[in-house]
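Colleague: First the structure, which I've put down as structure tokens, then a few questions once you've had a look.
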Amino acid sequence: MYLWLKLLAFGFAFLDIAVFVAGNSTQPSTQDEQTTTPALTTASSVSPATALSTIAPTKPPCENKYGGVSVKYSFNDNKTFTATLDVKREECEPPGCEKEHRGLSACQTKNISMSHPSCEPPFEYVLEVPPDPNQFQLVDCVEDEEANTSLCLHWQNKDFPDNGQFKCNENKIEYKFKCDGGSPSYNKDTFKVRNLKPRTNYTCSSQVLYDQQLLISQNKTIETDFGEPEAPQNFTCSAKNATEGKCTWTPPQSYFDRISLCYWITPGGRNCIPQDKTQDGIDLHNLRPFTNYTVVLQARVTGKVTRSRNATYTFWTDPAKPSKVNGLSASRKTENTIAVSCKRPDQLNGPEGKYYLEVRTGNTLVKKDSGPECRFLVEDLQYLTEYNFLVYYDNTKFAGLPESVTASTSYNAKALIIFLVFLIIVTSIALLIVLYKIYDLHKKRSSNLDEQQELVERDDEKQLMNVEPIHADVLLETYKRKMADEGRLFLAEFQSIPRVFSKFSIKDARKSFNQNKNRYVDILPYDYNRVELSDINGDAGSNYINASYIDGFKEPRKYIAAQGPRDETVDDFWRMIWEQKATVIVMVTRCEEGNKNKCAEYWPSMDEGSRVYGDVIVEINEHKRCPDYIIQKLTVGNRKEKASGRAVTHIQFTSWPDHGVPEDPHLLLKLRRRVNAFSNFFSGPIVVHCSAGVGRTGTYIGIDAMLEGLEAENKVDVYGYVVKLRRQRCLMVQVEAQYILIHQALVEYNQFGETEVSLSELHPYLSNMKKRDPPSEPSPLEAEFQRLPSYRSWRTQHIGNQKKKK
């Protein structure tokens, strides 16, 4: 034993005092080349280890020798750390106290053991490597909505690498923040500062520490966002009228280079309409009358978010006319009481007002009433009368346009019997008076055969000629004389008659709303004798039609000369037939001649049976085609009147050639005879029309009237009557050939009389014509034949066949 102890002491003496430092750790499998970066110094507390058993317990523990150890960490370019141990005690020998440990990974742990022969047991402690500084990134974390008055910084810490069972101790990480205008902050990875000024730069510094030693430091300058702009100043709005307004303001000055303006108006939606920021006013259009509008003018500045301030103004638009009432209706409550009601207008356009009612018949105002509600009971009206009820709304500022409805009262049942008895008596008396008038008229005509009838007022126009009436006895000779020298005298007479008498005004026909009712712009009725239709409420020009009253031979307004209806005037034409009580229509044209439209086909066909023209219903009962004319029997009624329909005869003359005049005037004599057969004393005027209502129309009327004069007075004044026609309608008897045709028809009638014989009377008529009485004289048939050559030989047609007349 003693020997063994000596050998052991000898060994220690031989080894002297060599120091043993050993360590073991978990290392990465591969290591990059290490490049040293500026050191991160960490004073690490030593972790004591359990002392090893020693043979000589008399030696001091190594903890006393190496206890004052500190560690310096350097971060290298290859992203590894170098740990340098530094022992602060004087007795620590350099070979044992300054040891470098390279290639350490972030968050790595390594056990270090330091030993020396002079001490035991060895001193052991653990190296804890800091995290990678690049794992930390300082970011701006402020919310956009708060960016104008707040700032926010946040250290974004990436996940620490997992090296086996160890990793960095997160509890040893510390954060420090310091910004202009804010207090320092510690230990939190996020830092916020509030109540800052908008649009201002703030500088912040921040550090990350590990185990109370600096790991990374960074400065950051942050600019706060735009704040709310100023609201527009002096914002006012006012109404210019019922549908327009105007707003003015002073533009805001803050952030002027970045500011934008827009506005919206309520009611009207929230779509903000952009405006020029230099603009100081807007005009508002398409507003509703008498409406409370709110206008919002908004100033905007856009940074991270859009911030705005509003200026608001409320105003009323001016009142205007209310719209028409809705749902107007009229119903008969009793025989002469009508109830009228309606619904509120869609737009009052003003304060609450009243409903007004006007009761009219024709153009006559019968009653007026008003009330806050649209319910009226109109009493004590006339029986069997059609009334027009006009209702409008007045908002105390303006009266609206009237809406109208028509209703009729019924008959008075109590007075009906008395009325019928009275009617029979009056009718009987009227019939006696009419018969007496007919007798008296016939007597006067017979007694005035020798009276001079001058139809022309000599001093009416200076250019008129003094043409004497022609007696029946010299009618043929006068005709021959005037036809001599190519009808020179006829031409002189015709050209002396003014085409239009300018002293008679033509205003109504030229009004803008009547112009499209005229077929020709230069053939218009005089105002003083035009046919006036009944007015239709709300329809300007509803009483106009291109037609004129024409006097017959000593019979005022015997005819109506009218233009051929156009498609636009067919309803007006039938309204004239109904209102004028006409029973005969003479049409002296075809609907189409020479591929030109001359007249609308204004009657129903037999296949249709009937047709409605406005309020007039026309029914066709018979259609008879003859060689030279077509006869149609019609029944005409009115939907608004309870009276039964009237029989109307429509005669269309179809043998008038496209150019010139009929070759045989006898055709017009036959037409006249047919027309007069359908006319009676109680009929209204005979309506005669062609296309323009002057040429052929005037020719037919001239023949009919002059034949009446020839029969009544045994003389005719064709010139004077044509002048009279022109005084009542311009251009009547339009061309010279028509003027001559009137004379030809008169001559033929005067020479031969009525020569047309019906088939059923032909045999007895021939027998009478062949009888000689006395036997020495020629028979009537022979006498008629003998007159033919002397008549036909002089009758020429050169005027009508001239090119300029075609």
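Glycine too: its Cβ is placed from the backbone N, Cα and C atoms.
In TrEMBL, annotation is done automatically, which means it is predicted and not curated.
Predicted, not measured: the structure shown is a model, and the values here were computed from it.
Found this in TrEMBL, in case it helps:
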SIGNAL    1-23  signal peptide
DOMAIN    231-320  domain 'Fibronectin type-III'
DOMAIN    321-413  domain 'Fibronectin type-III'
TRANSMEM  415-436  transmembrane segment
DOMAIN    490-749  domain 'Tyrosine-protein phosphatase'
DOMAIN    669-740  domain 'Tyrosine specific protein phosphatases'
Colleague: Over the span of the domain 'Fibronectin type-III' (321-413), how high is the average pLDDT in this prediction?
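Modeller: A mean pLDDT of 92 is what the predicted model shows over the domain 'Fibronectin type-III' (321-413).
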Colleague: Under the DSSP assignment, what numbers of helix, strand and coil residues are found in the domain 'Tyrosine specific protein phosphatases' (669-740)?
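Modeller: Reading the DSSP string over the domain 'Tyrosine specific protein phosphatases' (669-740) gives 45 helix, 6 strand, 21 coil.
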Colleague: With DSSP as the yardstick, break the domain 'Fibronectin type-III' (231-320) down into helix, strand and coil residue counts.
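Modeller: The breakdown for the domain 'Fibronectin type-III' (231-320) reads 0 helix, 50 strand, 40 coil.
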Colleague: What does the DSSP secondary structure composition of the domain 'Fibronectin type-III' (321-413) look like, as residue counts for helix, strand and coil?
Modeller: 1 helix, 52 strand, 40 coil
